[in-house]
Amino acid sequence: MAPYFRNCLNFSSVALQIQNVNWQVPMNRRAHHTDKFSSQDSIVRRGQPWEIILVCNRSLESGEDLNFIVSTGPQPSESARTKAVFSISGRSTGGWNAALKANSGNNLAITIASPVSAPIGLYTLNVEISSRGRASSLKLGTFIMLFNPWLQADDVFMSNHAERQEYVEEDSGIIYVGSTNRIGMVGWNFGQFEEDILNISLSILDRSLNFRRDPVTDVARRNDPKYVCRVLSAMINGNDDNGVISGNWSGNYTGGVDPRTWNGSVEILKNWKKSGFRPVQFGQCWVFAGTLNTVLRCLGVPSRVITNFNSAHDTDRNLSVDVYYDAMGNPLEKGSDSVWNFHVWNEGWFVRTDLGPTYNGWQVLDATPQERSQGVFQCGPASVNAIKAGDVDRNFDMIFIFAEVNADRITWIYNNRNNTQKQNSVDTHSIGKYISTKAVGSNSRMDVTDKYKYPEGSSEERQVHQKALDKLKPNASFGATSSRNSEGEDKEPSISGKFKVTGILAVGKEVSLSLMLKNMTNDRKTVTMNMTAWTIVYNGTLVHEVWKDSATISLDPEEEIQYPVKIAYSQYERYLKADNMIRITAVCKVPDEAEVVVERDVILDNPALTLEVLDQAHVRKPVNVQMLFSNPLDQPVNNCVLLVEGSGLLRGSLKIDVPSLRPKEKSRIRFEIFPTRSGTKQLLADFSCNKFPAIKAMLPIDVSE
C-alpha cells in the first residue's frame, strides 16, 4: 500500500500545467457576429463575454488561481488601459474579468469579458498559473477585438436590426454618381470579410502619423470611434502619410489605373499591402469613400456612402463659391473654389461624447483629400445634426462640410482685356442637391437631403445659413458683403435662357441640344450669344474645348426661340474622359444690360454591358456567367479587357482579355465563378477598351446552400 500512497501524493503535488487551448472560434464568432470573416482568427466584439477551454494536466484545485493578462500595442500599460490583469478568483484591473464556467476532468471552461470601452485592435492573451506556491506563465495566443454595434453600451450601438445588417454586415453596395439631371450609379464591392482585409484595416491604424508620433497614446485612444474614424479619414488618402490611395483628377492616369475602372475596395487594399504600403494609383472621391466604408464596417462602425450633387468646394471659408466665365462663354479655372457635379463621402454612426447627445447619430467622414485640417488631409467626424442646425463652430471641419451642401454660388464675368471682373448673379439654392445613399435592404436610392438642411427657399434654411455666417465672424461677414455688393450688380435681366436636350445622349452619337432664349419684356431685344463646349472631369476640371459658336439674334416682345447646338462625335471623341461629361455654356448679352449665363452639363450614356447567369448558383459549385457587349461605333474597338469581382462569388478578381471588335460587332464572353457563401451576392464587371474607358455592369445572384 505504501508505494501507491506515495505516488498519489506525488501526483497531487504536480504543478498545474496548461497543455492546450481551445479558442472555441466557431462558437464565439457566431455569438459575436464575426463568423463572416474568412480568416480563422479569434475575432470578438468588446463588452461581450467569450469562452476558451484550457486543457490541463489535471483538474484545478482550491487555492490555485489563474491570472490572465491582455495587452495591445507596442508598450502596453494598465494606466493607458492597453493592458489588464484579472483572475478567475475575481481580482481585476481595467474592467476586464474572467470566470470559471466549468471545471470537468482536465478541462477548464473560462469566460472572459472586456469592458465596452476597450480599445479595438490585436491583443495578446497570457496566463500566469499560481499552483503549489509556484508561478509559471504562458502565452495563450492572440485575438482581435472590434467595436460592438449590437451592444447598447457601445458608442457605435445601432438598435435597428435591418439597419445594422445593412450598415455593418452588407459587403456590397451602390454608389450614386452623375449630375442633378442624370443620377447614375455604380456597384461597389466593399468585401470587408474577404481574406486579409481585417489585418490590412488594422495595419492602416498602425501606419498613421498619430501612431508614428506617439504609439502609446494612439493605441489607447482606439477605444473611441470618433478618434479611429478621423485617423482613417486621413489614412485612406496617401497625401501626408503614405496612406492607401493617391488621388488624381487631371484626366491623365498614366502610371496607374483610371479611377473609374475599380469595382471595389478589396483589390485596392491588397495592392496597398503588396506594394509595401505605397499609395495605390489612382482614386477619386467615390473610390476613397468606398474604401473607407470597407474599413469602417470591417472594424465594426456602422457606415454608409453618401453622394452630394452640386457639391461646393469652398476654399476660403466664407460659405460661398465663386464661379468664373469669360465674355466668350468659356468657363474659367480661376480662383480656388469649385462646384463638383457630385462628391462622395461617408457617414459613420456613433455617439458624440465630446459634443453631447443632440449630436449623436450619423457623422460625416471624408477621406478625399480636398483641404487640410489640423495640418493633414483629413475631414470629420462632423455631426449631420450639427450641419442642419448651422452649428459650424463644433468639431470637426464643420464649416467646410456645411458649405459643401449649403454654400451660395456666385457667378462672375471676367474681362481678359483689362483684368476686371463683375458679379453676374447670386444663386442661393443650387448647391447640395439630391443627397443620396443606398436604401436599407434594397437597391433603391434614398434621399437624405432633409437630414442635412431645411428645404431650399424656406425661411429656416436662410436663417441657418445666416447663423452659420454669424458664427464665422469676423472674416465671414466681410466675405459675404464683399462678394455680394461688389461692382456690377445690375437690375433683373430682360431675357432668360436654358439648354434643352433634343437628341439621344450616347457616346458615339452627335450631341444635340437647343438653347431656348426668351424675351421677357415688351420691347424688341438684340442678343449676342457666345457659346462653348468643353469635356470635363466630374469635379469641374476642364479637359478640352470641343465646340464653339457665336451668333447675334433679334427677339420680338415676349418671343422665344430655339437655337440649335450640334457637337459631332469626331469633335469630342479624343477628349472625352471616363466621366462622359461635356459642359456647354452660353454667355448671352443684351446691350447695356448684365450678361445672362446659361450652362448645362450633359452625361453621355455608354453602350450596355449585360451579365447573365447560365446555371442555378449553389455554394461550392462552379457557375457559368455570360457577358454580352455590342460595339455601337462605325470603327473598331481594341485593347478590350473585362474585370470581374464579387465577394462570396469568386476569390480575388478575374481579368479577361477580350478580342477586338469590328464596327457594330457583338461580343459574347463566358467565364466561371465559384460561390463560397449563400444569400444574394453582387457580381460586378468593368469593360474597358480604347473607345470606352469604363463600362459598368452589376448583377445580383441568389446563391443557395
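Glycine too: its Cβ is placed from the backbone N, Cα and C atoms.
Here's what TrEMBL has on this protein:
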- Cys285: active site (ACT_SITE)
- His343: active site (ACT_SITE)
- Asp366: active site (ACT_SITE)
- Asn406, Asp408, Glu456, Glu461: Ca(2+) binding site (BINDING)
- 447-470: compositional bias 'Basic and acidic residues' (COMPBIAS)
- 277-369: domain 'Transglutaminase-like' (DOMAIN)
- 446-470: region 'Disordered' (REGION)
- 475-494: region 'Disordered' (REGION)
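For Cys285 (active site), the Cβ neighbour count at a 10 Å cut-off comes to 27, with all displayed protein chains included. If you measure from the Cα atom of Asp366 (active site) to that of His343 (active site), you get 10 Å. For the Ca(2+) site, the Cβ centre of Asn406, Asp408, Glu456, Glu461 serves as reference, and the other residues of the chain with Cβ at most 8 Å from it are Ala407, Thr428, His429, Ile431, Gly432, Lys453, Arg462, His465. In terms of Cα distance, the recorded positions that sit within 10 Å of Cys285 (active site) are His343, chosen from His343, Glu456, Glu461.
Between the alpha carbons (Cα) of Glu461 (Ca(2+) binding site) and His343 (active site) lies a span of roughly 21 Å. The two recorded residues, Glu456 (Ca(2+) binding site) and His343 (active site), have Cα atoms 19 Å apart. A sphere of 10 angstroms centred on the C-beta of Glu461 (Ca(2+) binding site) encloses 18 other C-beta atoms. The Cβ neighbour count for Asn406 (Ca(2+) binding site), using a 10 Å radius and every protein chain shown, is 25. Looking only at the domain 'Transglutaminase-like' (277-369), the predicted model's pLDDT averages out at 96.
With all protein chains in the displayed structure included, the most crowded Cβ environment within 10 Å among the recorded positions Asp366, Asp408, Glu456 is that of Asp366. For His343 (active site), applying a Cβ distance below 8 Å and a minimum sequence separation of six or more within one chain yields Cys285, Thr307, Asn308, Ser311, His313, Thr368, Glu404, Asn539. As a summary of secondary structure, the domain 'Transglutaminase-like' (277-369) carries 18 helix, 42 strand, 33 coil according to DSSP.
Each residue of the compositional bias 'Basic and acidic residues' (447-470) gets a DSSP state, and the totals for helix, strand and coil are 16 helix, 1 strand, 7 coil.
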